[in-house]
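Enquirer: Questions regarding the structure given below will be posed in turn.
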Amino acid sequence: MAVIGSGPAGIYTAEALVKQSAEPVAVDVLERLPTPYGLVRYGVAPDHTSIKSIANYLRRVLELPQVRFLGGVTLGEHLSVEDLLGVYDAVVYCTGAMVDRKLGIPGEDLPGSVAATDFVNWYCGHPDVDPDRFTLDTSEVAVIGVGNVAVDVVRVLAKTAEELSATDVPHEVLERLGESQVKAIHMIGRRGPEHAKFTLKELRELGELANADVCVRPEEAVVLGGDFPRQVQGNIKVLQSWAAREPVGRPRRLDVRFWMRPVEILGSERVEGLKLERTRLSEDGRVVGTGEFETLPVGMVLRSVGYRSVPLPGVPFSERTMTVPNEAGRVREREYVAGWLKRGPTGVIGTNKSDAAETVRTLLADLDGRERVGHDGIGALLASRGVRPVTYDEWLAVEAAEAELAKTLGRGERVKLVGLEAMLRACRP
Ligand SMILES: Cc1cc2nc3c(=O)[nH]c(=O)nc-3n(C[C@H](O)[C@H](O)[C@H](O)COP(=O)(O)OP(=O)(O)OC[C@H]3O[C@@H](n4cnc5c(N)ncnc54)[C@H](O)[C@@H]3O)c2cc1C
Ligand SMILES: NC(=O)c1ccc[n+]([C@@H]2O[C@H](COP(=O)([O-])OP(=O)(O)OC[C@H]3O[C@@H](n4cnc5c(N)ncnc54)[C@H](OP(=O)(O)O)[C@@H]3O)[C@@H](O)[C@H]2O)c1
């Protein structure tokens, strides 16, 4: 079997294949990066070390004798769907959701208007983003969206470099964070506190920031009606308690705003401001503008309004749902899908486990009694294309180099190596 993508969905799929199959199975996990774990490595916030430790569970799957990691192999570049179906009995696509959704407002493409996907990739040291990409040389920043990614981004902006020193943030990025001029962060929700997508635990952390005062306007914290789920009631309570707080003069200030939507990013050469419009809900529940405007003097706008999957060459894709159409994980004969590419970009890491299990149940039921075509041909195929995959042991060498770097720098357990070259140097000296 081939699993494409080594994020949580891919690795849980590999695990389910090994555990659920009644007959012996061999699983190759093909990954475009030299490193496994997808968003666990390049998404989960660096200061959330306990969540990052899920990698220790995922690692045990890659170490199963039936599972093989092949890094640096990209579906659509090095291999086609036909190539895969020629050597494997079945293929499971688990390539996640790698790009940002658009706001669709004027000024969105100005320098200084940044997708959270890029900013997260930057502080996580993703090889797609240069460590010099961002200099935080503006005093005010707006973060659009009130989901958990927005909360992560706000926390990284609000903390000091010292507070992040023990994390795996690349050293070059930590230096940029240390030079940050940011004094005010505005987090903008287009609906009310009762509609915010962040979870209670993550919200509470913002109130515990040592380096930032958190402010909420009392009039924006008002919520009508009361029959909300427990999580939402918790969010409302926390936000209302902040509305009653006075700032105590911490170096940075976080303003959490509600009922404001972005209508234009202002500026000629780069971002100079953000125009917001107050909103309300229409009778049919849509967000509509009230005609009352406000401008924030920000030099950077971080758009954290959700991720989006990209089509894989040769694989069906719905432009409407931005996912691969499937029935309980089945796409076409011998082709399956799991994770964010299957469901869309929502849900925590654990959600991908039951999701992968469903796909694997479908796959194994379909294969039952069918003639097998799979054979160990991938090595020869990749060699014929001049591709030498990064092995699991080579990845371990990257990990070891990251631990060594942390020791040299006197920082935490590991510091990320930046760039494909540095990673390949570490594993193929
Ligand atoms: C910024 C951020 C922070 C998050 N933090 C948390 C958190 O703290 N806790 C939590 O529970 N959940 C968190 N989540 C959600 C969680 O990360 C997702 O639920 C999960 O990663 C989705 O898994 P996936 O395997 O579908 O996608 P991904 O994790 O994105 O994995 C996809 C993999 O496919 C690879 N790939 C892509 N294209 C190709 C190709 N063509 N060929 C080969 N390989 C390819 C990618 O390189 C990647 O490794 C966070 C999400 C984001 C965006
Ligand atoms: N610690 C964690 O557990 C953790 C950390 C990070 C991510 N995650 C998970 O990863 C998933 C993705 O998170 P996410 O934050 O990217 O997405 P999300 O939870 O869907 O939040 C997106 C936010 O963007 C807003 N938005 C969308 N379009 C907008 C527009 N045009 N203008 C203004 N605002 C707009 C949404 O508001 P509306 O509601 O009004 O649409 C919402 O507040 C979630 O399931 C999340 O829980 C978990």
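Yeah, the Cβs are placed from backbone N, Cα and C, and that goes for glycine too.
Automated prediction, rather than curation, is the source of TrEMBL annotations.
Fair warning: this is a prediction, and the values are worked out from it, not measured in the lab.
As listed in TrEMBL for this protein:
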- A9, E31, L39, L75, W340, G347, V348, I349: FAD binding site (BINDING)
- R190, R191, E202, G347: NADP(+) binding site (BINDING)
- 2-174: domain 'FAD/NAD(P)-binding' (DOMAIN)
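Give me the local environment of each listed feature.
Expert: Look at I349 (FAD binding site): DSSP puts it in coil. With a cut-off of 8 Å between CB atoms and residues at least 6 apart in sequence, the same chain places P8, V40, V44, I51, I54 near I349 (FAD binding site), listed in sequence order.
Remark: R191 (NADP(+) binding site) has F258, W259, T279, L281, V287 as non-local neighbours, by Cβ distance under 8 Å and separation of at least 6 in sequence. DSSP gives R191 (NADP(+) binding site) a coil state; it is part of no helix or strand.
Within the model, the domain 'FAD/NAD(P)-binding' (2-174) shows a mean pLDDT value of 97, rounded to a whole number.
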Enquirer: Using DSSP, would you call L75 (FAD binding site) helix, strand or coil?
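Expert: Reduced to three states, the DSSP call for L75 (FAD binding site) is strand.
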Enquirer: Could you tell me the C-alpha distance between W340 (FAD binding site) and R190 (NADP(+) binding site) in angstrom, no decimals?
Expert: 24
Enquirer: Quick test of your reading of the structure: among the binding-site residues E31, R191, E202, W340, V348, whose CB sits under 6 A from ligand 1?
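Expert: So the answer is E31, W340, V348.
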Enquirer: Taking a cut-off of under 6 Å between Cβ and any atom of ligand 2, tell me which of the binding-site residues L75, W340, G347 pass.
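Expert: Correct list: G347.
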